[in-house]
Amino acid sequence: MELLNDIRSLATTESDIKVWYKAARTIDFPENGGACVKYKDQQIAVFNFSRRNEWYACQNLCPHKMQMVLSRGMIGSAGEEPKVACPFHKKTFSLRNGECINATEEKLAVFPVKVEDGFVYIGFAR
Amino acid sequence: MKRIIVVGNGMVGYKFCEKLRKQGVAAEVIVYGEEPRPAYDRVHLTSFFSGKTAEDLLMAPASWYAEHHIVLHTGELVTEIDRQQKTITTHTGKTDRYDYLVLATGSSPFVPNVKGVERDGVFVYRTIEDLNQIIDYGKKVTRAAVLGGGLLGLEAGKALVDLGLETHIVEFAPRLMPRQLDEQGSVILQHKLSQLGIAVHLNKSTKEIAGNGKLDGLEFVDGSFLPIEMLVISAGIRPRDEVAKGCGLEVHPRGGVVVNDFLQTNDENIFAIGEVAVHNNMVYGLVAPGYEMADIVVRQIAGDFSKTFQGFDMSTKLKLMGVDVGSFGDALGETPGCIPIAFQDKHNGVYKRINISADGKYLLGGILVGDAKQYNLFHQMAANKMALPAQPESLIIGAPGKGEEGAGVKNLPDSAQICACENITKGDLVFQITEKGVKTLDDLKRSTKACTGCGGCTPMVNDILKITLESLGHTVKKSICEHFDYTRQELYDIVKIKNIKTYDALLDSHGKGDGCEVCKPLVASLLASAWNELIVSQATIQDTNDRFLANIQRGGTYSVVPRIAGGEITPQKLMAIGRIAEKYGLYTKITGGQRIDMFGARVDQLPEIWEELIDEGFESGHAYGKALRTIKSCVGSTWCRYGVQDSVSFAIYIEDRYKGLRAPHKLKGAVSGCIRECAEAQSKDFGIIATEKGWNLYVCGNGGSRPQHAKLLVTDVDTETCVKLVDRFLMFYIRTADPLTRTATWLNKMEGGLEYLRDVIVNDSLGIGEALEKEMAELIANYACEWKKVVEDPALRAQFKHFINEDSTDSTLSFVEMRGQKCPPDWNKK
Ligand code: SRM
Ligand SMILES: Cc1cc2nc3c(=O)[nH]c(=O)nc-3n(C[C@H](O)[C@H](O)[C@H](O)COP(=O)(O)OP(=O)(O)OC[C@H]3O[C@@H](n4cnc5c(N)ncnc54)[C@H](O)[C@@H]3O)c2cc1C
Ligand code: SF4
Ligand code: FES
């Protein structure tokens, strides 16, 4: 629970980002897949949705069994909605707003991402 | 606005709130519940033992109530009702005013007045708190019993078995489930339970729960004694009518608040619903009637008085794993003049009984034990008074074919109730499909809520969906997901014919959207079966086990399983495994597949561990893949005094031949050195048993949850022929099976069955024998140990890191100690 609250306090909207954290080079990320970024003591799953030329970031913690694994999940789409499936029990979550799509798990915290000069940046509230 | 107070936040109280809001009734709603958490699914309480958490069981999270403008007070017991002032008071002294009061206080377990019930180790089975206490206490003891052999008692018994306890069920009556089963049904059920490890004691009247402080056994009136350390009492329920009684509402002599057809008590502003209500001298201890009552009260509050409560069918189906029991309508044949017809197969543990009306026209009720597949259909036939076939015994005698349930559903009238929990009829479902364009089971569940209660109606709902879609002219195609409008077999052909090598290429040319967790691993498996190229070069379409070439475990670490072909291993290699496991602090265990599993490796350690293993001469064991796993062997003629062929050498040869072979599901084989069959070859996808003259080849066996013996394909073939036939068999399976279908299921679905398979494989009736052999040869030629490739390639190794932006490891990983080794902590305690 603590883990969840900590990560939520980092989440923010595009309009009041306090920190743009320079995470890694774009080429370090697998295509159409994710990797885990450490920021302060937190773990963020960052996804290179190269098929759509989009980037997404959310908490690495799966709320179902509190497992630090979402960055290892498979991404894809449900209709238009970009999503990630947890490797453990394949609960799926929207990458846009963090809502759980195929079950009633708690929502994920999501973070804005931007790419500049070949680097991936994640936006945080602090 | 009217102010409604609901007393009790159990399943029915919750359903009342849900239905009220769904109807859009404008009223203030305040709920008082005694339990510390919001309403949860009591029906599935037992799934707590198989890993469900308290949160998983919630009917709705606390936030749901707020979102629907319902004030929920948990942990608050209503102690008084003042009908003059129309107020209630709680145990904390809070008072509150109502216009309508809804009593949904449920019931509590009935505890008989036996000497010693107060002893430590005596429990009841109703709330999550009860379960937690049972689980805790269960850790300290080894022998337990359930008092009461009814529906709930049996469920409690299964829970005790799941806790690893020696389990007894003690019943006063001469049979189990006395209200649902007859003598023969009970005998068969008892036999089934004994297979689950539950001992049943009938005709036992308990005199004393003996012990000193804590219990040490049950003393019966007949003088016998059952030594146990824990007892769960499940002897019936008593409606919780204490507050109602206190304010002068009419209660039944046997307990429960008396209501009329409108569920009103003798005070027109107070309703009672669920297990606390007594209607026509009946208490209904099931959810479905409770939900129906909730619905009727909601309608009245909304101004619709057209629906009244007319009693409810008490048919039940037991949801214990491995024991099917159904009892419906007039199960015991109490209707005057009724004709019972029974069928019994002691060998397979099946008992079926139907009771036919005196004029032979209708099904009145019946009992199904051991095989309850026809439960839904029979239940509906009885409820809807459907005409019986000319020979009603044909319903239960003779093997019911697969198609039958579907065909039966077709004949049901629109009024047939399919989902009892949510009261949804066949007509409701058909309407959604024909008028609202619903096409999938998921959508149907969402739009009607069918299958969301106990889930027992799912197969029937699925059949209705299928039949209705077909009647609309839709071909019900087994397309794999929204991204590909093809079956697995069609995609396999496309991949082969168009020479497609990557997922992206296939999605661009034959799919739509961006793919998902269903089609990605499926296509990955097809590509691997077709080309046998290095799977991690397309890492992000693989299931996590294939992506990291290791099995993910609770807690997020991985396990490492090197190949130990045929189970044969040198002392040096054993020591190497021991040394490496010790160095990396891994938990080690001998697997059920004759090899060694090392658990608890961090993702970043995997390449290092494998580097060392490869140096010692090991290869990947593919324990993570839908691929060839192990070929078990027995020691055979090399050492065994009975062995007639060298089973170890043959097993090693076969395992080396097919290692790395990817298939629609995992593949397992075994070779036994003689007819005694110590390698259990007849439980494998392909099993080979030595004879004096050569080998007998068996195919399509399976362990797992639905075990099935392999079938004999050919006898006394020589080694070369045997290998050729296995080549063909495996390749034919890879080409034609549905995704995630083991060979046994594949054969079960195959038209023509074993005869057809033998024609194709042995007699080459399709003329594809040579092609199959050739394809297999190509796959074998293309084999390379994927771990070796990863270890040698720095770019691939770099994918095995927890963080992309630094070298530290996941600090949330933790372990606990168990018998001198480590293991992950219980993830239900989050
Ligand atoms: C490790 C092992 C248990 C053990 O400690 O002994 C095991 C562990 C798992 N089994 Fe198994 N099975 C193991 C032997 C078996 C056996 C016995 C055997 O092979 O002789 C069976 C019954 C035989 C059979 O398959 O027909 C068996 C039938 C299953 C099934 C049911 C398959 C079915 O068709 O019904 C599953 C579920 C599945 O694959 O979908 C399963 C799934 C699993 C999974 C993969 C579950 C999961 O997804 O995590 C477990 C992986 C743990 C891991 O990380 O290694 N395991 N499993 C055994 C590994 C054998 C090996 O050396 O590779
Ligand atoms: C292990 C188990 C398995 C079952 N399996 C099945 C099954 O397979 N199929 C089936 O149909 N049924 C099954 N049942 C029965 C089913 O759970 C009940 O029929 C159903 O829960 C009844 O709902 P209810 O709301 O009337 O009562 P409950 O769910 O008992 O809810 C009543 C709630 O009111 C609270 N309460 C009582 N008095 C007060 C008060 N004065 N003030 C405030 N709160 C109060 C109680 O604490 C409780 O939380 C099972 C029950 C158990 C225990
Ligand atoms: S090892 Fe097999 S039987 Fe044991 S818990 Fe895992 S999947 Fe189930
Ligand atoms: S832990 Fe993520 S779905 Fe179960």
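Note that the numbers count up from 1, one per residue, in the order the chain is shown.
Glycine residues also receive a Cβ, built from the backbone N, Cα and C atoms like all the rest.
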Which of B:Cys640, B:Cys700 belongs with B:Cys634, B:Cys674, B:Cys678 in the [4Fe-4S] cluster site listed by TrEMBL = B:Cys640
Of all the binding-site residues given, B:Cys634, B:Cys640, B:Cys674, B:Cys678, which residue's CB has the most CB neighbours within 10 A?
-> B:Cys634
Answer with yes or no whether the domain 'Nitrite/sulphite reductase 4Fe-4S' (B:625-761) touches the domain 'BFD-like [2Fe-2S]-binding' (B:418-466) by the criterion of at least three Cβ pairs under 8 A, sequence separation 6 or more.
-> no
Near the [4Fe-4S] cluster site, what residues other than B:Cys634, B:Cys640, B:Cys674, B:Cys678 in the same chain have a C-beta no further than 8 Å from the centroid of the listed C-beta atoms?
-> B:Val635, B:Gly636, B:Tyr642, B:Gly643, B:Ser647, B:Ser672, B:Gly673, B:Arg676, B:Glu677, B:Ala679
Take every residue in the domain 'NADH-rubredoxin oxidoreductase C-terminal' (B:315-381), average their pLDDT values, and give the whole-number result.
-> 84
By DSSP, how many residues in the domain 'NADH-rubredoxin oxidoreductase C-terminal' (B:315-381) are helix, how many strand, and how many coil?
-> 7 helix, 29 strand, 31 coil
